[in-house]
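Novice: According to TrEMBL, the record shows the following:
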- 1-249: domain 'Band 3 cytoplasmic' (DOMAIN)
- 302-847: domain 'Bicarbonate transporter-like transmembrane' (DOMAIN)
- 333-353: transmembrane segment (TRANSMEM)
- 365-394: transmembrane segment (TRANSMEM)
- 414-432: transmembrane segment (TRANSMEM)
- 597-615: transmembrane segment (TRANSMEM)
- 644-664: transmembrane segment (TRANSMEM)
- 685-709: transmembrane segment (TRANSMEM)
- 745-764: transmembrane segment (TRANSMEM)
- 771-789: transmembrane segment (TRANSMEM)
- 819-843: transmembrane segment (TRANSMEM)
Amino acid sequence: RWIKFEEKVEDGGERWSAPHVTALLLHSLFELRMCLQKGTVLLDLDAHSFKEIIDEALSAQPAERPELKDRLAALLLRQPRHHAATSPLRTLAELGLYPCTGGHRAGPNPQKSKKLPQPRAELSEMPLKEQLKNKFKKKLPPGAEVASVLVGEVDFLEKPFIAFIRLKEVVALGALTEIALPSRFLFILLGPQAKAKAYHEIGRAMATLLTDELFQRVAQQAEQREDLIAGIDEFLEELTVLPPGKWDPGVRIPPPKCLPAPHKRYPGGKAPRASGENAVTAEDRSGAGHLHFSDELERTGRLFGGLLRDIRRKAPWYWSDFSDALHIQCLSAVLYIYLATVTNAITFGGMLGDATDNMQGVLESFLGTAFAGSIFCLFAGQPLTILSSTGPMLVFERLLFSFSEDYSLDYLEFRLWIGLWVAFFGLVLVATEASYLVQYFTRFTEEGFCALISLIFIYDSMKKMVSLADTYPINWQYRSEDVTLYHCICNLSSPALPATSTLLQHLEPSLSSPSASSPLNVLSLQCPEAVTPARLSRTQCLDQGGHLLGASCHYVPDVTLMSFLLFGGTFLCSTMLKRFKTSRYFPTMFRKLVSDFSIILAILIFCAIDAVLGLETPKLLVPSELKPTNPARGWIISPFGANPWWVCLLSVVPAVLVTILIFMDQQITAVILNRREYKLQKGAGFHLDLFCVSLLMIVTSVMGLPWYVSATVISLAHMESLKKESTTSAPGEQPKFLGIREQRLTGLVVFILTGVSVFMAPILKYIPMPVLYGVFLHMGVAALNSIQFTERVRLLLMPAKHQPDLIYLRHVPLRRVHLFTFIQVLCLAMLWVLKSTIAAIIFPLMV
């Protein structure tokens with residue numbers, strides 16, 4: 001049988017072979033061509049049953065004797081024996097009841113039927129129960145049809161009987177086919193004995209032609225016999241012949257991972273596309289023209305013209321943005337991005353608190369992320385974008401706070417005016433359709449920006465893990481001889497602590513000295529063993545008002561080592577589970593489900609390992625109270641009163657810099673997310689996105705919350721978690737990438753969960769931070785591997801003979817590719833040095 005590739009019944013007739021590329025004999029194609037020239041060809045036959053088809057085919061050959069026609073009709077109308085997987089119990093029950101027979105298959109690849117122990121019944125016009133229950137039908141796309149190729153040898157014919165039939169309308173032919181699908185094409189070849197192998201090869205040639213997309217179009221549109229022969233001639237022109245002595249015909253060629261686009265095979269490279277055809281090939285994905293914008297970036301010449309066009313484009317899709325999220329894949333995306341967003345909010349909130357004296361802290365980061373992200377997901381043009389604080393924003397906040405402290409200005413009021421000016425400038429950019437400039441962003445710019453952000457994620461996750469060694473140091477110079485030097489004691493010598501009275505209750509009543517009320521004297525007398533300082537636990541010691549003394553009091557063994565194991569384990573486990581979809585184990589649906597929930601499974605696995613081992617690894621700490629981090633500030637920032645009047649005018653200067661920063665950061669990320677290879681169907685919204693970010697600047701500035709802009713790596717991770725692939729891929733065919741599940745609900749739920757995380761602190765406290773750092777590492781590596789830059793960096797380290805067959809290497813000299821990559825690496829290194837200095841605020845401009 002053929003779906004896209006050939007499958008054969010293995011010896012024994014119990015299983016299908018692995019799909020493989022058909023290797024044809026060249027002579028069989030010429031013989032097939034001759035068969036179509038001399039045989040019966042019926043095009044647009046109006047028949048509604050297999051019996052009518054056979055009668056018409058036999059009637060078209062008047063030279064045949066009537067008794068031969070009757071025998072041929074009786075033979076062709078017999079019930080075929082399809083190869084189908086049987087249960088082990090049925091196989092054992094039938095073992096030994098019948099002699100071994102060759103498998104007979106009616107369909108694209110039948111084999112010669114051997115003599116059966118008993119005659120078969122006449123062909124049923126209704127589908128059999130086995131056909132209706134055949135699970136193989138799930139692998140076929142909607143609207144699939146079946147073509148039957150029937151070949152064999154008989155002892156009563158002197159010359160072959162040949163018929164090629166195309167029905168006017170598709171017809172279900174009962175039990176003729178393995179699966180109950182309608183048929184349009186039939187090919188019949190019956191001939192005299194002694195030529196079974198030749199007939200078999202001609203049948204394979206016809207089946208291969210009928211699975212070729214170009215010949216299918218020819219066969220469907222042919223008006224006469226010559227059109228079919230011309231289609232075979234075109235097939236022969238593209239045929240590749242292997243010399244017989246240079247390869248083994250018994251070797252099965254595995255299907256390629258990527259097939260050439262069918263339209264490239266047509267003269268001129270153009271072909272009519274079927275409705276709904278949406279395949280992306282290797283060459284399409286690797287081509288230079290990766291940017292594709294229709295009218296999103298065309299200037300209208302009117303104020304807010306681009307914004308209004310974005311709204312009109314996105315409005316028809318608005319309700320489907322919620323209904324399209326009703327899929328289990330969206331649940332895994334929500335959990336994955338939620339944990340990444342929470343970790344990011346805690347990280348940037350902590351750094352903001354350090355940089356601004358807690359004027360903005362972790363709680364403000366949580367609330368700002370929840371509010372800004374939710375509003376953006378509800379109204380933005382590209383709701384798959386995830387908003388977050390960014391490194392350049394953090395640098396600006398630190399510089400602004402230092403400037404305010406040096407000149408005795410109120411930081412939050414000064415920041416409010418900057419935010420208002422930034423919002424004004426952003427609205428001006430929206431009104432003048434400045435977003436059209438992003439069409440001039442090249443692959444060089446996008447890849448440099450994406451690579452830098454990805455490397456920052458990787459570097460920061462590693463840096464966080466290394467910093468654990470400072471909090472939980474590793475005893476590198478431990479020697480067993482010095483074990484007596486490691487000690488920790490409970491010092492209860494603090495005078496007159498109320499808690500010491502509880503210690504006195506445990507003393508013997510027969511204290512002989514009136515000075516026993518002194519804690520020092522109490523401990524020097526006859527104390528029960530249970531209450532000596534050496535026997536008190538850490539909690540008991542602190543409850544008694546004591547304090548711990550000794551070098552090993554704050555040492556927790558194995559925490560750093562365990563943290564690195566959790567960190568590396570989470571990264572490796574999530575990566576392997578993500579790739580599990582392409583493995584050979586378990587059914588396809590199970591593999592896809594595991595791959596969709598790979599990050600969540602990895603987190604659960606290593607959280608369980610951490611809980612079982614019981615080590616005090618650092619955990620996720622979430623604020624549990626809704627009050628400002630710094631009690632000196634409120635939730636609403638007044639624009640007047642604390643600073644001189646001229647500060648509102650002075651704010652214009654830093655506001656211009658922040659506007660450029662936000663515009664570049666937002667729009668570069670938007671360009672990356674709206675690449676053609678993601679196959680987005682609902683369009684982009686560059687002007688609408690910038691409009692939403694500008695309005696959010698007003699609200700976050702008034703409430704003293706952090707400023708937010710698109711986060712490249714987390715947004716890419718969001719897109720990756722929502723990829724759609726075909727579920728009806730044929731055996732041997734790689735699942736086709738269908739696009740992204742475009743909707744608003746996952747992002748909205750993520751940000752709502754981020755806001756209510758304050759109330760989920762008792763649950764979230766069980767998640768180790770090293771596990772979340774491992775997730776960050778996975779996100780950075782996944783984003784880095786998604787760009788061509790990484791592929792070209794690998795080429796620098798490969799000898800030419802070991803380099804993969806990449807499409808751009810066929811057309812561009814290798815030295816030019818290496819030069820382009822080297823310049824990118826050099827610019828990336830300069831950006832890395834820049835972002836590590838105080839000038840990091842202008843790094844998007846340098847990109």
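Yeah, the Cβs are placed from backbone N, Cα and C, and that goes for glycine too.
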Novice: Is the transmembrane segment (597-615) in contact with the transmembrane segment (771-789), using at least 3 Cβ pairs under 8 Å (sequence separation of 6 or more) as the test?
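Specialist: Yes, since the transmembrane segment (771-789) and the transmembrane segment (597-615) share at least 3 Cβ pairs closer than 8 Å, they count as touching.
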Novice: Out of 333-353, 365-394, 685-709, which stretch has the largest tally of CB pairs under 8 angstroms to the transmembrane segment (644-664)?
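Specialist: Answer is 685-709, with the largest number of Cβ pairs below 8 Å.
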Novice: Below 8 angstroms Cβ to Cβ, which residues of this chain, lying six or more residues outside the transmembrane segment (685-709), approach it?
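Specialist: Apart from its flanks, the transmembrane segment (685-709) reaches 296-297, 304, 306-307, 309-311, 313-314, 348-349, 352, 359-360, 364-365, 367-369, 371-373, 375-376, 379-382, 385, 387-390, 393, 397, 412, 415-416, 418-420, 422-423, 426-427, 429-430, 433, 435, 438, 628, 633-637, 658, 662-663, 665-667, 669-670.
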Novice: Counting only CB pairs under 8 A, let me know which of 333-353, 365-394, 414-432 has the most with the transmembrane segment (745-764).
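Specialist: Selected stretch: 365-394, with the most Cβ pairs under 8 Å.
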Novice: What is the average pLDDT across the domain 'Band 3 cytoplasmic' (1-249)?
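Specialist: The predicted confidence over the domain 'Band 3 cytoplasmic' (1-249), as a mean pLDDT, is 75.
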